[in-house]
Structures are given as structure tokens and as C-alpha cells.
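Peer 1: Handing you a structure now.
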């Protein structure tokens with residue numbers, strides 16, 4: 001069945017804004033200027049402030065939800081389910097996970113390439129699968145176990161490509177390894193977030209935009225407050241500001257004034273996360289969660305091509321192999337092979353298999369507020 005113009009628009013919006021989200025963050029990290037009080041010129045590496053901006057983008061989804069609700073109430077026939085009462089504190093634990101995981105990923109983005117950053121985030125299915133078995137009592141099918149092992153192999157190949165493409169000595173090599181490991185660590189936290197959302201949040205039937213906005217509200221408030229003690233916590237080589245503290249928000253604002261392109265990059269990051277969440281939720285609703293997964297993979301390709309074009313990274317053929325292996329692992333985990341097998345006369349699916357496939361493909365496997 002052909003897609004409607006609206007569905008094509010949603011797919012394009014998700015692909016473009018999802019790519020802009022990572023690329024704008026990396027662009028900001030690459031920009032270099034002086035900070036406060038005539039400090040030496042240095043790159044804009046303020047991961048915790050960037051994470052705060054991302055949560056501001058998520059918070060805007062709450063405004064979008066209420067605008068949609070007001071518009072829906074003016075119609076003769078309502079399309080939206082009336083909002084059900086729920087305790088907002090249910091979103092606090094997943095918001096804390098989101099805050100921690102996102103902050104770690106922004107730190108890691110300073111240490112590795114944008115394409116590897118995006119590819120390594122595929123590790124989330126490994127930890128999500130294992131945690132869903134341990135805490136949700138779910139039984140993984142054979143294709144999901146194979147998908148997990150293939151994903152592990154893909155991560156090894158991507159990591160190896162990073163090591164081989166490093167030409168700046170041992171210090172740069174150590175930085176890349178640390179960045180890749182931090183990304184994988186962040187996926188453990190994202191997997192915990194997904195399990196918490198499934199166990200405590202999804203059963204309350206909260207509108208996805210409202211859920212994204214509520215978690216964004218918690219993340220923005222908490223991380224904004226944490227910027228104060230971070231201003232005084234020493235971080236030695238992990239910091240790029242003159243004071244060598246965990247996060248120097250004042251230095252960040254001075255750099256924004258001295259280099260307006262940083263503001264442009266940050267606004268691109270903040271606005272893209274809001275539109276990406278809206279587009280992702282709408283694609284799942286209007287088309288399918290499978291389409292969302294495919295578009296997410298295309299986003300990785302787009303980020304890689306742009307990074308190569310602007311000279312942010314060096315091409316290495318192993319990255320292609322790693323990406324294909326990760327794509328195969330993700331496809332198997334999400335059951336995309338089953339419709340193909342059903343076309344074979346000797347592989348007709350049983351009713352139980354069909355029901356399981358519909359559950360797999362009809363359920364969004366991403367966290368509520370996946371920024372990816």
C-alpha cells in the first residue's frame with residue numbers, strides 16, 4: 001500500500017530531525033572560541049549543558065501535547081483519548097535514567113566520531129533483551145538471541161574500525177576507546193529506562209507526547225540544578241575549560257556570545273529533539289514501529305555521510321561491515337525476517353507465530369523519549 005503525503009512527510013521529518021540531532025551536537029563540540037574573561041581559545045565541550053538543552057527540547061513536547069488536546073476538543077468528534085489521571089512521579093525514575101544516560105553519551109560524543117556514536121547505540125537491544133528476561137519475565141525467541149549475538153559482533157567490528165582509523169597517537173586512541181565504552185555503558189542505563197517505562201508507565205496509557213514532556217520536565221529541572229555543584233567539581237583531563245571543572249556553564253555562555261554559531265548548533269539540537277520525538281511517535285502510529293526502526297538505521301547512514309563530507313572523520317571500510325552486521329542483528333531481534341519466511345511454502349507460520357510477530361512489530365521497542 002502506497003504511503004500518503006502525510007506519511008511521507010512524517011518519515012522525512014523523522015529522518016532529517018534525527019540526523020540533525022546528532023550532527024548539531026557534534027558541530028557544537030567542534031566549534032572553538034574564547035570563554036569568559038579572555039580565557040584561551042578552546043572547543044565548546046559542555047556535555048551536561050547540552051544534555052540540559054536536550055531536556056528543554058523534550059519539555060516542549062508537553063506544550064505540543066496540550067496544543068493538540070485543545071485543538072482536538074474544538075472538533076465535533078474527538079480523536080484523542082481523554083487524558084487519564086496519573087502520578088507524575090512515575091516518570092521520575094526513568095527520567096533519572098534518561099538524564100544519566102544522555103549526559104554520558106554527550107561526554108562520549110566529544111571523544112568519538114558521530115557515526116560510531118550512532119552505530120554503537122545499537123547495543124541497547126542487548127541490554128534491553130537481557131533485562132526484560134530478568135525483570136519482566138519475558139522469554140526471548142531464538143531470533144532475538146541470535147540478534148543479540150550478531151549485535152555484539154557488530155559492536156566489536158565498529159570498535160575495531162575506530163581503533164584502526166585513529167592516526168593521532170596513543171592519547172587519541174585512549175580517548176576513542178573511552179568514548180566507545182561510555183556509549184555502551186549509557187546503553188545499559190537506557191535499557192534500564194526502557195524496562196522501568198514498560199513496568200510502571202505504559203500500563204497507565206499516558207499519551208507519548210505527554211510522557212516525553214513529563215520526563216523532559218524532570219530532567220531539565222534536576223540537571224539545571226546539578227549544573228551549580230558541577231561548577232565546582234574538578235574533572236582534570238575530562239574537562240576542556242580553563243578551570244578544569246566538571247561543567248562550567250558560565251564559560252559555555254561566554255563562548256556562545258563570542259561565537260554565535262554555537263547558539264545555532266544548540267538551537268538545532270534542542271528543536272530537532274522535539275520534532276524527532278513527535279515524528280517518531282507519529283510514524284509508529286501512522287505506519288509501524290518497523291518503519292521507525294528502518295528510518296533510524298537510515299539516520300545512521302545520513303550522519304555517517306555528512307561526517308565524512310565535512311571531514312569530521314576518516315573513512316574506514318570496516319565501518320560499512322560493522323553497520324551491516326548491526327543492522328542484521330537489529331532486524332533479527334525485531335522479527336523482520338518472519339514475513340519473508342512466511343512466503344516460503346515450507347515455513348508457514350502458525351497462529352501463535354503470527355500473534356507473536358504482531359506483538360513484536362506492533363510494539364515500539366524504543367524508550368518513550370528516544371533522542372537517538
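Glycine is no exception: its Cβ is also placed from the backbone N, Cα and C atoms.
Nobody curates TrEMBL annotations by hand; they come from automatic prediction.
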Peer 1: Which residue range, 120-138, 234-252, is the one TrEMBL calls transmembrane segment?
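Peer 2: Checked against TrEMBL: transmembrane segment maps to 120-138.
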Peer 1: From the ranges 25-44, 145-164, grab the one TrEMBL calls transmembrane segment.
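Peer 2: Of 25-44, 145-164, TrEMBL gives transmembrane segment for 145-164.
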Peer 1: Sequence-remote contacts (6 or more beyond its ends) of the transmembrane segment (48-69), Cβ cut-off under 8 Å?
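Peer 2: Result: 25, 28, 80, 83, 99, 102-103, 106, 207, 209-210, 212-217, 219-220, 223-224, 226-227, 230, 246-247, 249, 252, 266, 269-274, 277-278, 369, 371.
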Peer 1: Find the member of 120-138, 176-196, 216-233 that has more C-beta pairs under 8 Å to the transmembrane segment (145-164) than any other listed stretch.
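Peer 2: Per the Cβ under 8 Å count, 120-138.
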Peer 1: At least three Cβ pairs under 8 Å linking the transmembrane segment (216-233) and the transmembrane segment (120-138), pairs spaced 6 or more in sequence?
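Peer 2: When sequence-distant Cβ pairs are counted, the transmembrane segment (120-138) does not touch the transmembrane segment (216-233), since fewer than 3 lie under 8 Å.
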